[in-house]
Amino acid sequence: MHFTQVLISLSVLIACGPVGYGDITAHQQPSTATEESEQCSTCEFRQHSKLMRLHAIKSQILSKLRLKQAPNISRDVVKQLLPKAPPLQQLLDQYDVLGDDSKDGAVEEDDEHATTETIMTMATEPDPIVQVDRKPKCCFFSFSPKIQANRIVRAQLWVHLRPAEEATTVFLQISRLMPVKDGGRHRIRSLKIDVNAGVTSWQSIDVKQVLTVWLKQPETNRGIEINAYDAKGNDLAVTSTETGEDGLLPFMEVKISEGPKRIRRDSGLDCDENSSESRCCRYPLTVDFEDFGWDWIIAPKRYKANYCSGECDYMYLQKYPHTHLVNKASPRGTAGPCCTPTKMSPINMLYFNGKEQIIYGKIPSMVVDRCGCS
């Protein structure tokens, strides 16, 4: 049994209590002291349920992302590695526009692990076998085994151009690197770009065909060389960082197709922290990743996870006939029904993995949509 499953089992066992088969009438007019005692007990139990949920969420995220531990990436490293490029900004803008509450068109996933939608791979220095006097310094891209050639929707190479001294035409060249003994390089793309004086820009190049070959024949991936010459022969492509150029190195953005999904239906009892409801109910819970010290999660910085808490008394079991039958069949020694999530939905997350690659994917079963007795 996985650690995550143990945590969930513990929280379920703690949430379970004996089914109340006593005299229902006797509880209709309790004393004030009894009410206060029950409310105090309910608050303590609810707080315990919340803490258990937070603890389980941390373990679930690492498990679903197939991480043994949280990547050791500090805020300074995040600032250095984050590309200041349009595709990343578009993803971040989605969180600003949609917020944490957006549920329109939400779906539930069958898979227990995260599904990848977009991968952003940063350029690194290529293998010495393709270099002469340690040149070129750029660019090699390593790819996650999650990427399958037949699932690639789009693959774009993003290159940042330094400002030209005057309006000019820039010749952007992409060459595939090969061992020096085999010729060193082979040009695969060449573009002409008109630029204005003093203006920086990001340029994107379609590299789906190249990436497909690399994935099918990994031994051919030695990296690429990028040049962007203006009319005076100046290379404007940023392929090594200088002062003030953090986040401007080339990177590849790979869009992956998603798997099948189902439309989610919402229903169930909702409560807030001030509610006096004793029945099984869904309560709000905001998870703040900064409180966890998880700087490796780029977005969202927080999300609404929700949690379940409350009683599953005999009088409520008519809503859950299967649980009622189980308890009637074995009235002694049973823990009774538990208040647990009966419907959950995924969250989208932008994060660094252990290889310092930026991943945009979907993590299933992270938001409690409905609670019930089972």
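Even glycines carry a Cβ here, placed using N, Cα and C.
Feature annotation from Swiss-Prot assigns signal peptide to 1-22.
If you draw a 10 Å sphere around the CB of Asn72 (N-linked glycosylation site), it holds 9 other CB atoms from the protein chains shown. As annotated by Swiss-Prot, N-linked glycosylation site applies to Asn72 (among others).
DSSP classifies Cys281 (disulfide bond) as strand under the three-state reduction. The feature disulfide bond is assigned by Swiss-Prot to Cys271-Cys281 (among others), with similarity to another entry given as support.
Taken from Swiss-Prot, the feature N-linked glycosylation site covers Asn274 (among others), and the record attributes it to sequence analysis. A coil conformation is recorded for Asn274 (N-linked glycosylation site) in the three-state DSSP classification, outside any helix or strand.
What Swiss-Prot lists as disulfide bond is Cys280-Cys339 (among others), and the listing cites similarity to another entry.
All chains included, 26 other C-beta atoms sit within 10 angstroms of the C-beta of Cys308 (disulfide bond). Secondary structure from DSSP puts Cys308 (disulfide bond) in a beta strand. Per Swiss-Prot, disulfide bond is recorded for Cys308-Cys371 (among others), and the stated evidence type is similarity to another entry.
Here Swiss-Prot flags Cys312-Cys373 (among others) as disulfide bond.
Between the disulfide-bonded residues Cys271, Cys280, Cys312, Cys373, the minimum number of other C-beta atoms within 10 Å of a residue's C-beta occurs at Cys271. Residues near Cys281 (disulfide bond) in space but far in sequence (CB under 8 A, at least 6 apart, same chain), listed by position: Leu269, Asp270, Cys271, Ser275, Cys308, Ser309, Gly310, Cys339, Cys371. In three-state terms derived from DSSP, Asn72 (N-linked glycosylation site) belongs to neither a helical nor a strand segment and is classed as coil. Listed in sequence order, the recorded positions from Asn72, Asn274, Cys280 having a Cα within 10 Å of the Cα of Cys373 (disulfide bond) are Cys280. The Cβ of Asn274 (N-linked glycosylation site) lies under 8 Å from no Cβ of any same-chain residue at least six residues away in sequence.
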